[in-house]
Amino acid sequence: MTDRLPHEKGFLVSWDQLHRDARALAWRLQGEAPEDGWHAVVAITRGGMAPAMIIARELDIRTVDTISVKSYDHQTQSEPVVIKSPDMEIVGEGEGVLIIDDLVDTGRTLEVVRKLMPKAHVATVYAKPKGRAQVDSYITEVSQDTWIFFPWDTALQYVKPYRAMD
Ligand SMILES: O=P(O)(O)OC[C@H]1O[C@H](OP(=O)(O)OP(=O)(O)O)[C@H](O)[C@@H]1O
Ligand SMILES: O=c1[nH]c(=O)c2nc[nH]c2[nH]1
Ligand SMILES: [Mg+2]
């Protein structure tokens, strides 16, 4: 995908919106919990860390680990590489484990993560159609040609009035 400015085909997410959407995801995940509850959260760094924290807080999960997968350099995708794995003694094959990311786009990151923890429940806040099959739960779907701008990548700034842009 080529570079886009936020006012082109971009979906801008504020901290407040992210908090609401992550909470909505937590609510949904509570309804999908196994009988003995979720026992751990694994956040896919870095984007999954903010929603994972909110979800762990809502579901009162204290065991939180991370997996680091690097697949994008700015908006250019390359082969996903696992840079850091979670503690496999804790997560095992993923039974009762929630894997959390901010979004799924092509699904390539989750493909790699699922191979490591095949029994885990995978949840993202946002999902694009290509990667949807890789997630068990998500909150909002956005079209494939939309770039999602997260609050940690953006800042409040002055914008020109519409009339001044003619
Ligand atoms: O479904 P895919 O096409 O694989 O893309 C989705 C992944 O890409 C982004 O992470 P990125 O690799 O940019 O790292 P970051 O979370 O550290 O920003 C995003 O946070 C997802 O993890
Ligand atoms: O900030 C981001 N927004 C996106 O839409 C996206 N897709 C893959 N990786 C992404 N990162
Ligand atoms: Mg990521």
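Using the three backbone atoms N, Cα and C, a Cβ is placed for every residue, glycine included.
Under the heading 5-phospho-alpha-D-ribose 1-diphosphate binding site, TrEMBL lists Arg46, Gly47, Asp101, Asp102, Leu103, Val104, Asp105, Thr106, Gly107, Arg108, Thr109. The Mg(2+) binding site annotation in TrEMBL covers Asp102. If you look up TrEMBL, you'll see Asp105, Ile148 marked as xanthine binding site. Look at TrEMBL and you will find Asp105, Ile148 tagged as guanine binding site. Feature annotation from TrEMBL assigns GMP binding site to Asp105, Thr106, Gly107, Arg108, Thr109, Trp147, Ile148. For 14-158, the entry in TrEMBL reads domain 'Phosphoribosyltransferase'.
Positions of the features from TrEMBL, shown on the structure.
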residue	record	Cβ contacts under 8 Å, 6 or more apart
Arg46	5-phospho-alpha-D-ribose 1-diphosphate binding site	Ser68
Asp101	5-phospho-alpha-D-ribose 1-diphosphate binding site	Ala43, Ile44, Gly47, Gly48, Pro51, Thr109, Leu110, Val122, Ala123, Thr124
Asp102	Mg(2+) binding site	Gly47, Gly48, Ala50, Pro51, Thr124, Val125, Tyr126, Ile148, Phe150
Asp105	5-phospho-alpha-D-ribose 1-diphosphate binding site	Lys128, Lys130, Gly131
Thr106	GMP binding site	Gln77, Lys128, Lys130, Gly131
Gly107	5-phospho-alpha-D-ribose 1-diphosphate binding site	Lys130, Gly131, Arg132, Ala133, Gln134
Arg108	GMP binding site	Ser71, Gln77, Pro80, Gly131
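The Cβ neighbour count for Trp147 (GMP binding site), using a 10 Å radius over every protein chain in view, is 19.
Asp105 are the binding-site residues among Asp105, Trp147, Ile148 whose C-beta comes within less than 6 Å of an atom of ligand 1, given in sequence order.
Shown are the binding-site residues Leu103, Thr109, Ile148; of these, the residue with the fewest other Cβ atoms within 10 Å is Ile148. Note: the Cα of Leu103 (5-phospho-alpha-D-ribose 1-diphosphate binding site) and the Cα of Trp147 (GMP binding site) are spaced 11 Å from each other. Across the domain 'Phosphoribosyltransferase' (14-158), DSSP assigns 50 helix, 48 strand, 47 coil.
Among the residues Arg46, Gly47, Asp101, Asp102, Leu103, Val104, Asp105, Thr106, Gly107, Arg108, Thr109 said to bind 5-phospho-alpha-D-ribose 1-diphosphate, no two Cα atoms are farther apart than 17 Å. Checking the binding-site residues Asp105, Thr106, Trp147, Ile148 against ligand 2, the ones whose Cβ sits under 6 Å from it are Asp105, Trp147, Ile148. Residues listed for GMP, Asp105, Thr106, Gly107, Arg108, Thr109, Trp147, Ile148, cover a largest CA to CA span of 17 Å.
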